[in-house]
Amino acid sequence: MSLERLNEKQRRAAMQVEGPLLILAGAGSGKTSTMTERIAYMIEQGIPSYHILAVTFTNKAAGEMRSRVEELVGRCDDMWIMTFHAMCLRMLRYNCEVIGYDHNFVIYDGTDQKTIVKNILKEQGINDKEFSAPYLLSIISDYKEKAVSADEYRDAVEDNYKTKVIYSVFKAYEDELKKNNAMDFDDLLLNTVRLFEQDEAILLRYQRKFQYIMVDEYQDTNHIQYKLIKMLAEGHHNLCVVGDDDQCIYQWRGADIRNILDFEKDFPEAKVIKLEQNYRSVGNILAAAHSVIENNRGRKGKKLWTDREDGDKIKYYRADTEKDEARYVAQEIDLLKGRDKKYSDFAILYRTNAQSRHFEEALTQRDIPYRVLSGLRYYDRKEIKDMMAYMRLVVNPYDDLSLRRVINEPKRGMGDKSVEKIQGFANVRGESLLQALSDEEVLDTLPGKAYSGVKNMVECINLCRDERDNLRVSDIYDNLLVKTGYMKALEDANTVEAEGRIENLMEFKSVIYDYEEQADKPNIEEFMEKITLMAEVDNHDANQDAVVLMTMHSAKGLEFPVVFLPGLEDGLFPGHKAFDSSDKMEEERRLCYVGMTRAKETLILCSASVRTLYGRTEYTRESQFLRELDKRLLDGDAVYVRKTRDSGLGVSTGSFDGFAAKESPKPYDSLRYAKAATKANASAGDEEFAVGDKVRHAKFGEGLIIDQDGKTLTVIFDAAGQKKMAKGIAPLKKL
DNA sequence: CGGCCTCAGATTTTT
DNA sequence: TCTGAGGCCG
């Protein structure tokens, strides 16, 4: 039996299949192995795979679990291993008529939500300084996560000016989504709960189907997810939740740590198994992390242990400035790299994305390759959102939101006034904007400049829709990109920024190709759905040998031989807001714990005594977490004792800063170089070109290279004229 | 309609 | 200090 790869506790967890089970899995305790082996064990015991449901938070986690399960037991397509949202979407697609939605409902993402709330604010004449759209949305989302509707909100809260405003926006927001046959991410969960409440037969059907349920990262579930799982598990009580209360770092967006703390109250017959043996980190790192986390109250109280050696002590460096800090980190990487390390063995984990900049500069100076996992989500990029809007219109001609987004993108001379005019016609005719614009009569009312551009666009979208069964998704994409004039506008702009956008659009196309390859029956509807539920496209190939920079939040679930935690200063980490409440402070402390436990062999902490934040330069105090850390585990000088720096770093702040200023490249450039390097490694098509080479472009045909610089080639095409293209991205072949 | 300028605001982020 | 959003003018 495969279970022999597990330790005794893990095996007990894997074999405890019946009844409620809480697995408290500490950092690095082999959680994923345990879960996958558990599923494999169930299959071996003869439980049909369609009776099993495994829920995760991210697509990545779901994908990983599925592939590891399939390694053990072979393909099992009828097993539901997916995210909460994907699970709800799937159930709602079949049943949403029950709660008054059309089968073809669409999903609105965060940007769509913001647009809608902004429109509501404008309509209702609400001062958006007093009530900003993001603020209102966060409140609305908070309530939706607690399964509270707008009307229930009104009945529950005190009646005053503020709650009146929130109610009216909340209500209008609900109505607007319903009108557009759209759901936001919260609705996917909320409406599934409503569906179950409204139609018991459907709930019973799913209870009968999902006889064995597992939930990953249970400490991060919010109320509605909890409710959903509870409803599903009610029938049979075979519910296994896996999590670590010490790693709950998402309370600020609704995760309710009580879900995991109170599991035994919810299911009194629950068994609890703690996985405390850590296979990841050396002893000193675990001890250090423990000395910090034990300052939290209300824990389930686990203590990780390892049979590995103690390892090096924790290093700590108190830098002068953030630049000094970054230089120290870069230097240390060079030093350690000299021994037995690869660049990809290093991670720099910071509290805020803004901190990445100095590290990028310092790494560039030392020619250390790196990649930044930025907070900007893939679908948040403007050009991707624009193309998505075009594609949505192909699927759903009623989507006024998307049409408004792209009607003047690229510029077609359609300002607000013209759009409102068309909206007027559409309202009278009871049609959507796109439908109205499909009529020559309406189109004719537009000024000459707008007329031809809009007509072109509308024809292109409608054509793609009519032909969508005959066209590949990538064909539709190409068509939209070119015929709407979007690509041309970017090419004409001829700026670095536009080039980057073209790059992203090409990347998006490779996402489409991937989808077409992997899907059974590729179609644009399914593709759009997949993309909407996908956060960051996993385009960062882990094979690339580069130092990784990211926030501690994004590092959850990952591990690295060497981890740097910079910026350990009160006000930055823990962030200044943490000093208002002990709840916030405890969450920051858990984040610190997550950060520290990412390290396998070496953990290096630093802080800067002077930091410039938001243009304000201030002296800092060393982080409370440093003060909590067991000093005996610190290498060399304890906290509060200045270390003298190597001569290589310069002696005084002045000379060092001067040096840094002279040498540092523009941060934007360094980012681009890093990206370009990633690309070059990833794509096979990075041929070397020289001026005078004849080339063939996939779209523009044959041409001649007349100029090149760091990242672009200038090509004259026989048919299409002169173009600038991005090296390694543009589909060019040497002839 | 579009470009430029001024002003506020500024953790963490999956789906 | 930097970025994004909104207002104003050409």
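Backbone N, Cα and C define each Cβ position, glycine as well.
Per TrEMBL, domain 'UvrD-like helicase ATP-binding' is recorded for A:4-282.
In sequence order, A:LEU6, A:ASN7, A:GLN10, A:LEU275, A:GLN277, A:TYR279 make up the list of same-chain residues 6 or more apart from A:GLY30 (ATP binding site) whose Cβ falls under 8 Å from its Cβ. Under the heading ATP binding site, TrEMBL lists A:ALA25, A:GLY26, A:ALA27, A:GLY28, A:SER29, A:GLY30, A:LYS31, A:THR32.
Across all of the domain 'UvrD-like helicase C-terminal' (A:283-557), the predicted model scores a mean pLDDT of 86. Sequence annotations record features per position, and here TrEMBL assigns domain 'UvrD-like helicase C-terminal' to A:283-557.
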I'd like the number of other C-beta atoms within 10 A of the C-beta of A:THR32 (ATP binding site), please. 16
Including all protein chains shown, what's the count of other C-beta atoms within 10 A of the C-beta of A:ALA25 (ATP binding site)? 27
So around the ATP site, A:ALA25, A:GLY26, A:ALA27, A:GLY28, A:SER29, A:GLY30, A:LYS31, A:THR32 aside, which residues have their CB within 8 A of the centroid of those CB atoms? A:THR34, A:ASP244, A:LEU275, A:ASN278, A:TYR279, A:ARG280
Tell me whether A:SER29 (ATP binding site) sits in a helix, a strand or coil according to DSSP. coil
In sequence order, which same-chain residues at least six apart have a C-beta under 8 angstroms from A:SER29 (ATP binding site)? A:LEU275, A:GLU276, A:GLN277, A:ASN278, A:TYR279, A:LEU304
